[in-house]
DNA sequence: CAGTGAGCGAGCTTCCGCTTGACTT
């Protein structure tokens, strides 16, 4: 048996370290935290100085018992969890749970998984830092108190099963408030002037720095330019340079993978996890931009041999984030000489992104020569400006260019072009001058990745929680990630060419969104409720201010229970007060009155989501009418006209095979319902204007297509079928879709097989149906 | 992919951070 047991947080790390340490060391992993507060309400004894009740969760029992056994046999136990607040707490939980002895236990830390770093750590053991542990307990207790007191308030005042917390509620707030900024945004139009001079290879663009709000002024400008002289008034050439970005942290990796590769935050993380486990990259949950000395050297060597000495420049980056705990290195390739790796396509692309970014971070800056020409107009006081750029040395741009959230801007001005050789005083030949109406843009909606960026800036959340937080706010129904179609918008273009001005009206699509985060009505209502009653918690600075206090606890300057007590007393009072006095929050809004009946029309949140109501609840003679809002509509923005439209559907369109056909609009667009089957309406057909014949034809079409997909129906139970799907044949059994296992032939599969497979997949119907059954 | 929408009540839900698997289309 090995004399030493060394425990780290991650099994992949354990494997690497075991290789460095030799036979005397057994290296094991705790798989993160091994204990947590019990789930029940008595986890924290508030009256008794916030005494906590911890337990080992079921899925950690095995890890703990194995570690216990090994610890008993070892002479020395080395606690090597990460050097941050959570890591210190993990060490303490291990110490406590495994019943370790003070004199046989050593606490060590390292920030990089390299042999020298680990040997150095072993030479410099310390004891558990209880101040740091206390800071973690304060963090844990505060989050539990906030989450488990606020959520039940929402159950009472808004809807059951909702949740609130220090992190998620701020994330939702950001999205709700951004949507409102966009809704109230007033677009301003102005005419942008662009001139084209010269011909062929020597053609170049110049722009007027100011814009004209009025068409008349733009037109006047063009008029004045007819027959005017254009002269190069001044010419300035300046060197410019550009430096590479720091290597990736979790948050920057998520942002860049989203922009460049289109990966969602969770996709990026699971791909990175695989790269980490296969030994290709360092740890992927980090807030540090630091590279180990070993990595700096390896990168230098790689750059020299692949690109040459002049491309190398050693750089050490400093984190800009105040909340960074820097327990790990930046995300980098384990071996810089691996330009690419084995793995699937997605993994390869992510690896290459990481490799390029890390390599580029150690390369020299790119150098440019930037030329700006001022072009005078004989008939006007303004100058046109032309600018061009010539790259003198590519430097880091040889491998990597960081992308930008606002690609649109770059495309629009397209200025990095080259200018032809120009001289001061030179007369220019105007080819074309245009005034194009352009519009101011509202702030951009958040993507998953830009939300992570914002949260990180606010110091809210940690690398390990960004992806789960984004999932939580979507799972709770506060936020949806969606594509939305844009609208057509007309804009005017005036063009001066060959001495005459022409006017055109063009059309463009605007406001189309892809993969953006939109608040739902319930998200907005919950947010407003929290802002009204718990402003302190959803304040953007709340986390920063408690973090400051956690730091003081960590430095031994503050007692953690004091801090929590001071926070809890007023907070709890707010909770009690709100439960007692606050009205139920439904986000009700009145839209006006019905044009014919004069009844009141309002929208609000109901048990099943947002809906419109026509008429009063207490009008006993005339029951009110209800209609649910559709995807893309919201309480805040729906108009009276749109609300009235909702009552036109569902609409009966006739009878077919003795059963009613109804047209309605569902989650996936308009459809025909016939008995229990649904048939999507083909695009271009107005759901309000479907004839009986058309409906029957659509149903028959769909049936024909389904029949083509059908391979076999089982005699034993017509609910069991074999169908040809997108990825080949599969079994449909009632509501379940079952994959055909590799060892079975779809042609010879028996009903017995189907039943067995259905049993494995779980006889229970899927999610929705299960919930329904439970309610009944 | 519908329809529903009062209020009561039993018994449920819920936080943030640290880790991996075990799942399926």
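Quick reminder: no glycine exception, Cβ is built from N, Cα and C everywhere.
What TrEMBL records for A:3-113 is domain 'Toprim'.
Neighbour density for residue A:33 (site 'Interaction with DNA'): within 10 A of its CB lie 20 other CB atoms from the protein chains shown. Per TrEMBL, site 'Interaction with DNA' is recorded for A:33 (among others).
Taken from TrEMBL, the feature domain 'Topo IA-type catalytic' applies to A:129-576.
The feature site 'Interaction with DNA' is assigned by TrEMBL to A:139 (among others). DSSP assigns residue A:139 (site 'Interaction with DNA') to a helical segment in the three-state reduction. The Cβ neighbour count for residue A:139 (site 'Interaction with DNA'), using a 10 Å radius and every protein chain shown, is 21.
Annotated site 'Interaction with DNA' per TrEMBL: A:140 (among others), in sequence order. Within 10 Å of the Cβ of residue A:140 (site 'Interaction with DNA') there are 20 other Cβ atoms, across all protein chains.
Per TrEMBL, site 'Interaction with DNA' is recorded for A:143 (among others). Annotation for residue A:143 (site 'Interaction with DNA'): same-chain Cβ neighbours under 8 Å, separated by at least 6 residues, are A:165, A:166.
Summarising the annotation, TrEMBL assigns site 'Interaction with DNA' to A:155 (among others). Around residue A:155 (site 'Interaction with DNA'), taking its Cβ as the centre, 12 other Cβ atoms fall within 10 Å, counting all chains.
Long-range contacts of the region 'Interaction with DNA' (A:163-168) within its own chain (CB-CB distance under 8 A, at least 6 residues past either end) are made by residues 142-143, 146-147, 150-151, 153-154, 455, 460-461, 465, 469, 472-473, 476, 478, 526, 530, 534, 537, 542-543, 546. According to TrEMBL, the feature region 'Interaction with DNA' maps to A:163-168.
The active site, O-(5'-phospho-DNA)-tyrosine intermediate annotation in TrEMBL covers A:283. Counting only residues at least six positions away in the same chain, the Cβ atoms of A:10, A:13, A:113, A:276, A:328, A:329, A:331 sit under 8 Å from the Cβ of residue A:283 (active site, O-(5'-phospho-DNA)-tyrosine intermediate).
The site 'Interaction with DNA' annotation in TrEMBL covers A:285 (among others). Reduced to three states, the DSSP call for residue A:285 (site 'Interaction with DNA') is coil.
Annotation source TrEMBL lists site 'Interaction with DNA' at A:476 (among others). Listed in sequence order, A:162, A:163, A:168 are the same-chain residues six or more apart from residue A:476 (site 'Interaction with DNA') with CB atoms under 8 A from its CB. Secondary structure at residue A:476 (site 'Interaction with DNA'), taken from DSSP and collapsed to helix, strand or coil, is coil.
For residue A:139 (site 'Interaction with DNA'), the nearest of the recorded sites A:33, A:155, A:285 in terms of C-alpha separation is A:33.
Within 10 Å of the C-beta atom of residue A:285 (site 'Interaction with DNA') sit 21 other C-beta atoms, taking all shown protein chains into account. Here the Cα atom of residue A:155 (site 'Interaction with DNA') is found 30 Å from that of residue A:33 (site 'Interaction with DNA'). Across the region 'Interaction with DNA' (A:163-168), DSSP classifies residues as 1 helix, 0 strand, 5 coil. Applying DSSP to the domain 'Toprim' (A:3-113) sorts its residues as follows: 49 helix, 25 strand, 37 coil. Cα of residue A:140 (site 'Interaction with DNA') to Cα of residue A:285 (site 'Interaction with DNA'): a distance of 20 Å. Between the CA atoms of residue A:285 (site 'Interaction with DNA') and residue A:33 (site 'Interaction with DNA') there is a gap of 15 Å, rounded to the nearest whole number. Within the model, the domain 'Toprim' (A:3-113) shows a mean pLDDT value of 96, rounded to a whole number.
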